[in-house]
Amino acid sequence: MAVQSWEDRPRENIVGTADGQAMVGGAGAESGAGRQSLNCCVRVTAVQVRKAIWGVAMVMCVCSSWAGSTQLAKLTFKQYDAPFTLTWFATTWNCLFFPLYYIGHLCKSPERQTPKQRFRECCRFFGDDGLTTKVFFTKVAPFGLLWIMTNYLYLQALRKINSTDVSALFCCNKAFVFLLSWIVLRDRFMGVRIVAAILAIAGIVMLTYADGFHSHSVIGITLVVASASASALYKVLFKLVLGSAKFGEAALFLTIVGGANLVFMSFVPVILYFTHVEYFTSIADLPWAYLCGVAGLLLAFNILVNFGIAITYPTLISLGIVLSVPVNAMVDLYTCDIHFNTVRLIAVFIICLGFLMLLLPEDWDQCLIELSTKLRKREQPVEPAETANSSGLNWTRRARTSMSTFSH
């Protein structure tokens, strides 16, 4: 947020200065306004280049963290087959969100607040009374359950099918978000996004057909589609119930989700241990490197997704998610965990294409028309006589404007 306001401030000052000089009506003022406009363009371009560079770095980090966590989880199950315990362990790391945010607040904000003051200010996100017991059980606990369900179903799917199919199918959650937002939030209807949603559904069916509708693959595809649906439901309900959150409020919310998971869900891994569903012989035999690696990469991924928009464009962050699909495909191809047939390649391509179509802005058609109009104007040659006449008309208009300005 601070970066955006810092970018807007110089532009406003420059526009105001240029307008003020144009009111004088002198030739020197016009040349000064031209210089100011040039400086404005250079400065805006520099800001855009800086955001684009950060965006490239963000795409690489998002892609590597998401693909890395998926592959590490796959390796973890070979030594310790416990999807719920891994979900619980990784979700507990969400407790680090608010402390990390507060460290950033101390480094960047000119008005440094104590942790208690910052906590109270962020608690206003839940209402005038702050975080009460009623608010916790009605507005926080349901989202915590959806968070755990999303991650648990995703990890369960990794046990059934390869990571390429799982990561590609999870990209369908953006199509589900659009459909739910259109139904629940009454968002604007867009034909291109309906086409993207149809492509996502077609890709799901084709991926199921690629393995011949075997029970193992059908269960895995059902699990990952359910995970994508839970993720979409989480996002839409969050916007419906809580609205949009600032960085500190989002960090506090995720920290509370992690703390609630630690306090209220710790009994589940204990039950699974004693019932030998997710059993281990000793704590020393657990693959701690893999467990901490998955949890750390998921924490990094969520930090990048939630706070990366402060330094770059949201579209580039979403692009990092879809690029994890070819990364996972290369890893699976190297480890011989996947057989790429024509149907699977077309299905993955269709799902990724639908995901990219959902990244288009709402006014994409108007932007395309404006771009084509500008390109046509550049291609049309301008005759010298027309240029002279137009410049004469411009001088006449300027004289009339200046006379009317002085008369007023």
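From the backbone N, Cα and C atoms, a Cβ is placed for every residue, glycine too.
Any TrEMBL annotation is an automated prediction that lacks curation.
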30-51, 52-73 - the one TrEMBL records as transmembrane segment: 52-73
For the transmembrane segment (250-274), distant same-chain residues with Cβ under 8 A (at least six beyond the ends): 82, 84-85, 88, 91-101, 119, 122-123, 125, 131, 136, 140-141, 143-144, 147-148, 242, 280, 302, 306-307
Residue numbers, six or more beyond the limits of the transmembrane segment (343-360), whose CB comes under 8 Å of its CB atoms: 164-165, 168-169, 171-172, 174-175, 178, 192-193, 195-200, 202-204, 206-207, 209-210, 315, 318-319, 321-322, 325, 329
